[in-house]
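Here the structure is laid out as structure tokens; the discussion comes afterwards.
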Amino acid sequence: MSVGVAVLGSGNIGTDLMIKVLRLSDSLRMVAMAGIDPDSDGLARARRLGVTTTAEGVAGLVALPEFADVALVFDATSAGAHRHHDAVLRAHGRTVVDLTPAAVGPYVVPPVNLDEHLRETNVNMVTCGGQATVPIVAAVGRVTPVTYGEIVASIAAKSAGPGTRANIDEFTETTARAIEVVGGAELGKAIIVLNPADPPLLMRDTVYCLCPDTDADRSAIAAAIADMVRAVQEYVPGYCLKQDVQFDRVDSYLPALGRRLTGLQVSTFLEVSGAGHYLPTYAGNLDIMTSAALRTAERLIARRAVTA
């Protein structure tokens, strides 16, 4: 039996997520979409697909008769708006999957720590860069400690809508924190690049892990990364390594750490292409977010069904 869900936000991410629920999920049923722009393509598309809509935001959503059938809400708006949305939805007893960088609930990256948070009523999907790179930091950390993790996420400028651009500062802060909290690095840093190239390029991510053990088992690290890539590919088929993992000895002063580090640098180069459900395939940054959110919601619902 499927469980009713709603999407807050009728932009690129919200619309792609709606289509994923409709096309891919056996356990989730798309009930409603709420936005604030009555002329948005997302709301128009939802209406064409037979999904109930409102342009009155979260207030309009909870006022819909169909809201009674909604058990879980995806929030695909902005970090600032989410705090209000969470308060409203929490008061109505709804579970929330947050696709903004607000991080009201715990960070969740499905192949790394989803099992730890299945009882939560609000979970945060970090950022697109976080979903792509935190698994790699965590994979390295399963073999050897990571002192410093730095990621560079390069995304097509055309894939960055108003919501993404409004959240740029929160993107870097939230991703860096997730590198530490979920990835396990002592210190994390995140950089995002909006690539204006036309035709647009696929999402590329570079992950640097600095490890204090120069003699760490390189084969074991490479194998752990390969295993993690396969785990992500279960729900994001377009996620892949672009080349072999690189290893370099380092012995230098790191301003971010405020000290000298002698150890091993592990460099991982990733590419993410989207599934093309609603967004172009170059928007892998958005696709990995919606795919991770869908995977998370299905697991949350399954956990509740087992314990009901």
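Keep in mind that glycine also has a Cβ here, set from the backbone N, Cα and C atoms.
According to Swiss-Prot, the NAD(+) binding site annotation covers SER10, GLY11, ASN12, ILE13, SER159, ALA160, GLY161, PRO162, GLY163, THR164, ARG165, ALA166, ASN167, ASN285, on the basis of sequence analysis. Annotation comment: Swiss-Prot describes CYS128 as active site, acyl-thioester intermediate.
Here the features listed in Swiss-Prot are painted onto the structure.
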residue : record                                   : DSSP (3 states)
SER10   : NAD(+) binding site                      : coil
CYS128  : active site, acyl-thioester intermediate : helix
SER159  : NAD(+) binding site                      : helix
ARG165  : NAD(+) binding site                      : helix
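Once the Cα atoms of SER10, GLY11, ASN12, ILE13, SER159, ALA160, GLY161, PRO162, GLY163, THR164, ARG165, ALA166, ASN167, ASN285, the listed binders of NAD(+), are compared pairwise, the greatest separation found is 17 Å. Its Cβ taken as reference, SER159 (NAD(+) binding site) is surrounded by 24 other Cβ atoms within 10 Å in the chains shown. For ARG165 (NAD(+) binding site), the same-chain residues that are 6 or more apart in sequence and have a Cβ closer than 8 Å to its Cβ are LEU194. For ASN12 (NAD(+) binding site), the count of additional Cβ atoms within 10 Å of its Cβ stands at 24 [all protein chains shown]. GLY163 (NAD(+) binding site) has a Cβ environment of 19 other Cβ atoms inside 10 Å.
Comparing CYS128 (active site, acyl-thioester intermediate) with SER159 (NAD(+) binding site), their Cα atoms are 12 Å apart once rounded. Counted within 10 Å of its Cβ, the other Cβ atoms near ASN167 (NAD(+) binding site) come to 21, all protein chains included. Sparsest Cβ environment among the recorded positions SER10, CYS128, GLY161 (other Cβ atoms counted within 10 Å): GLY161.
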